[in-house]
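Per TrEMBL, these features apply:
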- 27-50: transmembrane segment (TRANSMEM)
- 40-290: domain 'G-protein coupled receptors family 1 profile' (DOMAIN)
- 97-119: transmembrane segment (TRANSMEM)
- 139-157: transmembrane segment (TRANSMEM)
- 197-219: transmembrane segment (TRANSMEM)
- 240-259: transmembrane segment (TRANSMEM)
- 265-285: transmembrane segment (TRANSMEM)
């Protein structure tokens, strides 16, 4: 099958391990992480859906976040597990496109949701009397829909653009899943390559805009919290915000470390470890972060 001037019909992903024993060990390790993520996110989705005490904006967004996390970890890990189990590195051209599409879709949706959740915390702490009007159920549904919608739009743009590139530099990807920078390395057309880089720069502006919004929200939140007279009130407000802040830090910290790093410290193994951190660790750890300090959620579970 010829695709846009490139005769690539499949890509070869980077293997986690070279020896059979290590491959099988990797498989069991990944399976453990995957099952933990399924269980954690599944429990949160079930608790929020079934317990009417949790039908508030904060938990509505948390339910959406858990759905995104389930999707994103299911996009990368099952294929990596199958490849480790059967000592295989191949992924089909269509499979790679589908994986890249789903990953961009879900990562953008997650980032947008985390931004919306910062606004939710801001309203709850800085404008508690206006909570009903600023975060009514219709507003929340619109915000969640725009998170999913913007993720979908970005995914269509990036996937169409990346896979319209003619590829002539082999088919090996230095990564255990399909991602844009790795496919760009195989491109032989500079103009198309620059077009995708341009799109990535525009995306970076979106990332920066959301980050500024989150930081400004938290500056306002902390100012409001420090004005609360009772220590118990301050403690309650902080325990509302800290899980979200921890999740944002984990998501952005691993993502920033994965991409804008200088080529001098870039190696396939380091790339793989870092991308594992940002694509696998947050979906698995988020449910833990949210349920550890949260009595309401624990009671519901």
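The backbone N, Cα and C atoms fix where each Cβ goes, glycine too.
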Confidence summary for the domain 'G-protein coupled receptors family 1 profile' (40-290), mean pLDDT rounded: 88
Top partner of the transmembrane segment (197-219) among 27-50, 97-119, 240-259, 265-285 - counted as Cβ pairs under 8 Å: 97-119
Contact ranking winner - 27-50, 240-259, 265-285 against the transmembrane segment (97-119), Cβ under 8 Å: 240-259
